[in-house]
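**Student:** Sharing the features that Swiss-Prot gives for it:
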ACT_SITE  GLU252  active site
BINDING   HIS251, HIS255, HIS261  Zn(2+) binding site
COMPBIAS  82-95  compositional bias 'Polar residues'
DOMAIN    340-396  domain 'EGF-like'
DOMAIN    397-516  domain 'CUB'
DOMAIN    532-564  domain 'ShKT'
CARBOHYD  ASN53  N-linked glycosylation site
CARBOHYD  ASN67  N-linked glycosylation site
CARBOHYD  ASN200  N-linked glycosylation site
CARBOHYD  ASN424  N-linked glycosylation site
SIGNAL    1-17  signal peptide
Amino acid sequence: MILQLLFYSLFTHLAVSQIDVNQALNQNKLNIDTISSSAISDAELEKTFPRTNLSRMRNALKSLRQNWSAKLQAMPARNYQNAGTNQENGATEQQKPLREKPRDRVKMEGDTLHQVNKAAGLNDILYQGDMVLTDDQIATILEARDETTVSTASRARRQAYRDRYYPSTTWGSSVYYYYDRTATPKIVKAFEQAVAFWQNVTCINIMQSSTAINRIRVFKGQGCYSYVGRISGVQDLSLGTGCEEFGTAAHELGHALGFFHTQSRYDRDNYISINYANIDPSYVEQFDKETSNTNFNYGMPYDYGSIMQYGATSASSNDKATMIARDTEYQDTMGSDFVGFYDISMMNEHYKCKELCPAASSAQCKNGGFPSPRNCAICICPSGYGGILCDQRPPGCGDSVTATTTWQTLTNTIGDGLPTLRDNHTMCNYWVKAPDNQAVEIRISGLTTVTIDGCIFGGVEIKTHKDQKLTGYRYCSSADQNTVHRSTGSLVPIILFNRYASTKAVLEYRAVTPSVDVSATYTTFAPIVNSCQDLHPNCDFYKFFGMCRSKKIRSNCKFTCHDCNNNNASPFGSNFFNNNYNSFNNWYTNKNKNYYPYSNSNNNKPWMWFF
């Protein structure tokens, strides 16, 4: 029965992944009337969203979708696989084809916020997938789309929400929240982690109070959503089933503190292109963007690794990319569950925290860090940097190595190898240093982990940009093998991270002469696997249950399934060292039922856990 369920999941997924992208949109024509309304009754919705005029919200979203439908119908049919489309003029834009990377599925309720909310049936009342709006926000964000009808001063300004009432729409120095009786221990744990994070890196005090006039009610609703900014009185923040994780909680709390989505920035077309053929019509408004008059980003660049950036396949009708990074090496970085350094910096600007640390008497931070508003003598550092002044490698797992002109190898495997989600990532920080006036070249020789938007379950981050405040390139697919990056400086931080099964990376590095063009240079090659390697993190699991008879599994688990045609075998990617199946069997006997990879004990449906 176990094998039947797993093979059913595997081949169903493979079949769905081959849907024709042009057929999905019927040559760009969206029928707005076919969009289903919420699966929840209006009476229940009115209780769930007491601060929102549901009829007005639905009409505003429908109007926005109709506007988008008109735009799309005006565009000629085209092949969207290897090209993006400019939102403003509909012109085809040739881009480097994306490497094929079939996505894994880990959680039955959905691995991403969009998947969870789609299953909850909230598509017709949430803006951009997870935001609840007040009447005033509906008016300024959705209804006032015409520049000639509403003055710039009266309109919403975002990524950080700044309307005509700013800064009174922020929380000031104190934010209050309380837990509804529906909040489970998992919700409390995830939200407390998000509270601790945002509080530690800003001047905002986030405290529990069930009596404060303005407060957030944290509860278990259907899906994940929040209001944007402080709306006065009690406002809801839902962390339903599938949302009880740090990344989602930090994202929703980011909304409550005043953040909108990164992909709605007015300048987003310079950084991502939209693949309209793959968009689920119910979520077409998710890709709405602002103008330069309505968008306020505090002068900060677009960060693909922002906690407020949706994943590349978000709102997809066919599991294919709806957003394509113009720097395609950033494709898997989008959808992160880490809070980006620019998120932290922008939140500090939005709440005027940086004004608390006078430049003359505060820490002189290195590598783009800034003084902590909690203690101006120490710095808040970009990822990959630590120490009081951001001039040291973060403590713990990792190492500092010196690059020479000869290729050297860095190899590590982190994670326990078991298909259970952990609350926190295991992290290893490496510094690769070249001699002064030389650059570092990094090549991914091997990578085994779970492949998913944002690499939220594990992967490797490589920081070669001149601006070290930006999130680095993140990878979590064996298809990324033989990717090469050349740094703009003599130091490259590398971060290996994991919180599900295991992640193994084999990286090669050497010192080279800097390129003439020092702006984010890199070279990529098609993946070539010459040695006998496992290309999936769960090969031992498949062998344990006799699944090596499958040609598909043998091709991805050559070492474990003994399907090698040469003697250059290496146990790349093995999760259970020394083939210790007795330990794996002990885990199987005492498994965590919350993340049972074989079948769901409640409805006997298979976990979608495959290549």
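Quick reminder: no glycine exception, Cβ is built from N, Cα and C everywhere.
Source: prediction; values computed, not measured.
Set these features in their place in the structure for me.
**Tutor:** In the three-state DSSP scheme, GLU252 (active site) is classed as helix. Within the same chain, residues at least 6 positions away in sequence whose Cβ sits under 8 Å from that of GLU252 (active site) are ASP130, ALA194, CYS224, TYR225, SER226, LEU237, SER238, LEU239, CYS243.
Long-range Cβ contacts of HIS255 (Zn(2+) binding site) within its own chain (separation 6+, distance under 8 Å): ASP130, MET131, SER226, TYR227, VAL228.
Around ASN53 (N-linked glycosylation site), a 10 Å sphere centred on its CB holds 15 further CB atoms from the protein chains shown.
In three-state terms derived from DSSP, ASN67 (N-linked glycosylation site) belongs to a helical segment.
Its Cβ taken as reference, ASN200 (N-linked glycosylation site) is surrounded by 13 other Cβ atoms within 10 Å in the chains shown.
Secondary structure from DSSP puts ASN424 (N-linked glycosylation site) in a beta strand. For ASN424 (N-linked glycosylation site), the same-chain residues lying six or more positions away in sequence with a CB closer than 8 A to its CB are PHE246, ARG499.
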**Student:** Near the Zn(2+) site, what residues other than HIS251, HIS255, HIS261 in the same chain have a C-beta no further than 8 Å from the centroid of the listed C-beta atoms?
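**Tutor:** Leaving out the recorded residues gives ASP130, MET131, SER226, GLU252, GLY254, PHE259, PHE260, ILE307, MET308.
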**Student:** Are any of ASN53, ASN67, ASN200 (the glycosylation sites) within 10 Å of HIS261 (Zn(2+) binding site) when you go C-alpha to C-alpha, and if so which?
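**Tutor:** Those close enough: none at all.
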**Student:** Can you check what DSSP calls ASN53 (N-linked glycosylation site), collapsed to helix, strand or coil?
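**Tutor:** Going by the DSSP assignment, ASN53 (N-linked glycosylation site) belongs to neither helix nor strand, so it counts as coil.
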**Student:** So for HIS251 (Zn(2+) binding site), how many other CB atoms are inside 10 Å of its CB?
**Tutor:** 27
**Student:** In terms of DSSP three-state secondary structure, what is the assignment for HIS261 (Zn(2+) binding site)?
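**Tutor:** Going by the DSSP assignment, HIS261 (Zn(2+) binding site) belongs to neither helix nor strand, so it counts as coil.
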**Student:** Work out how many Å separate ASN53 (N-linked glycosylation site) and ASN200 (N-linked glycosylation site) at their Cα atoms, rounded off.
**Tutor:** 36
